[in-house]
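Listed in TrEMBL:
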type     : residues                                 : note
ACT_SITE : C78                                      : active site, nucleophile
ACT_SITE : H164                                     : active site
ACT_SITE : E166                                     : active site
DOMAIN   : 190-382                                  : domain 'GMPS ATP-PPase'
BINDING  : S217, G218, G219, V220, D221, S222, S223 : ATP binding site
Amino acid sequence: MILIIDFGSQFNQLIARRVREHSVYCVIEPPNVSMETIRACNPEGIILSGGPASIYDEGSPKVDPAIFDMGIPVLGICYGMQFMVHTFGGAVEKSLKREYGFASLKLHCTQDLFADIKDTSCWMSHGDSIKSIPDGFEIIADTANTPVAACRHPEKHLYGVQFHPEVEHTCEGRKIIDNFLSICQCTRNWTMASFARETIEEIRSTVKDQQVVLGLSGGVDSSVAAVLIHKAIGDQLTCIFVDNGLLRKDEATTLKEILTTNLQMNIRFVDAGRQFLAALEKVTDPEAKRKIIGNLFIEIFDEEAKKIQNAAFLGQGTLYPDVIESRSAFGGPSAVIKSHHNVGGLPETMNLKLIEPLQYLFKDEVRALGTELGIPDAMVWRQPFPGPGLAIRILGEITEERLAILRDADAILLEEVRSAGLYKELWQSFVVLLPIRTVGVMGDHRTYEFTCVIRAVTSKDAMTADWARLPHEFLAKVSSRIINEVRGINRVAYDISSKPPATIEWE
Ligand code: XMP
């Protein structure tokens, strides 16, 4: 396995993705990780990530230099390389100017790290740079602007690159990382099947004969977590599905069907739509909506969970990005687990221990795992849907009438997205209902009805998103169908804002 030290780069999760793409397991730890923990991981190699700091900054992140004496290869990327060079007595030059963008590498050697590299374009994003390398190191690549674009210490197997091999712009970045994994002689056996086997065993030995409760939202993460736990302990797992009345058209029924027929688990369905709608009456502020929905969910979930005798664990579908993001960039308190969106936080009185079997996986790995576990595509490839559901897609007050209008419009969009083969391509596609009426004309009549907005985005992780360039003909068809088929809407707009600065949801 490979240990990645997170110096705060926005790309550190990408490094992990690249390593795992080569069937090598890896974990990301903050720089203040103890040598004891590092040794316990028994890594075959270490990658030091980039980061926004300068090593000259007060409090800049540092990892215990004892890692360089472990006898295993280390690859420093950008700040990681500067940290390594500085530690060994080389000179890092502080610069006020950043080098950002493409550069072309001139390779001084074509072995180990650069074996079989043909395309030498790389992506730079740095301020400081290396002025002189320490004793025992040699320069293995330079660029027009960067005399030390890569270096190595051949005896100690230490490598540094100033550019970012983990980003797509570095054409042969994958190969460079592959080469580093070969230098480390990594065992390449990280597959979803092996992960599932090991995790199932681990869950069994943790839970023993106790009971686990899990909040099913109908989304990919909680479903995959539930199936994994179910494979480990069978009916010792009870799932609770709270229908908050804020789901899309026919969603509760469809989910119920998929969950019961395909997953064959012990699931308790709670029909709480009326309670949620009553609690949301006249509420217009988005954060107030979220709070009300979150708290009521906890209350109902808690009440239901209390009926389960001897419940000792709460299963959650927390993913690795949530775990990483919940740490402070420079290694503050480690691994404070974010409360799951759809569970809304663990009620203290429940006194349950957490089981989070997906906490080391990325979203696409969860999908691959879901397929490995035999979960149908319709479940595995569902677009993300927020816990507060349609409540944050109806701007302003939520009423039965508005819910019905939005459900119909949204169903048309989704039907068209699916039949155009766009569903998997889009990260999310949905309709937002605005509390604004505009004038229109239908036949010989004047209309004065609501406006809705189509939102469709592409994204890898929801941290950033781009508005989807949907074909005009497609938009025309959806708009025409919504206006003609949905009573209450006479105008459709298309949202062409990206995140940032906009967000995916409107509230
Ligand atoms: P934004 O709107 O912040 O959304 O760009 C990023 C992703 O998070 C989802 N989202 C939520 N999910 N509870 C959730 O469970 C929420 O309150 C919530 N708000 C946004 C959103 O759908 C997108 O996938």
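Here, residue 1 is simply the first one shown, and the rest follow in order.
Cβ coordinates are placed from backbone N, Cα and C, and glycine is handled just like the others.
Nobody curates TrEMBL annotations by hand; they come from automatic prediction.
Note that this is a predicted model, so its numbers are computed, not measured.
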Legend entry - Among E166, V220, the one of these recorded positions whose Cβ has the fewest neighbouring Cβ atoms within 10 Å: V220
Legend entry - Separation of alpha carbons, the residue listed as 'active site, nucleophile' and E166 (active site) (Å): 11
Inset, instruction - For ligand 1, pick out the recorded positions C78, V220, D221 that have a CB under 6 angstroms away from one of its atoms. - result: none
Inset, instruction - Could you tell me which of these binding-site residues, S217, S223, has the fewest other Cβ atoms within 10 Å of its Cβ? - result: S217
Inset, instruction - Might you list, by sequence position, any residue in that chain lying six or more from C78 (active site, nucleophile) with a Cβ less than 8 Å away from its Cβ? - result: S9, S49, G50, G51, S125, H126, V161, Q162, F163, H164
Inset, instruction - Within 10 Å of the Cβ of H164 (active site), how many other Cβ atoms can you find? Include all protein chains, please. - result: 23
Inset, instruction - Would you mind giving the whole-number mean pLDDT across the domain 'GMPS ATP-PPase' (190-382)? - result: 86
Legend entry - Sparsest-packed among the binding-site residues, when each Cβ's other Cβ atoms within 10 Å are tallied, from G218, D221, S222: G218
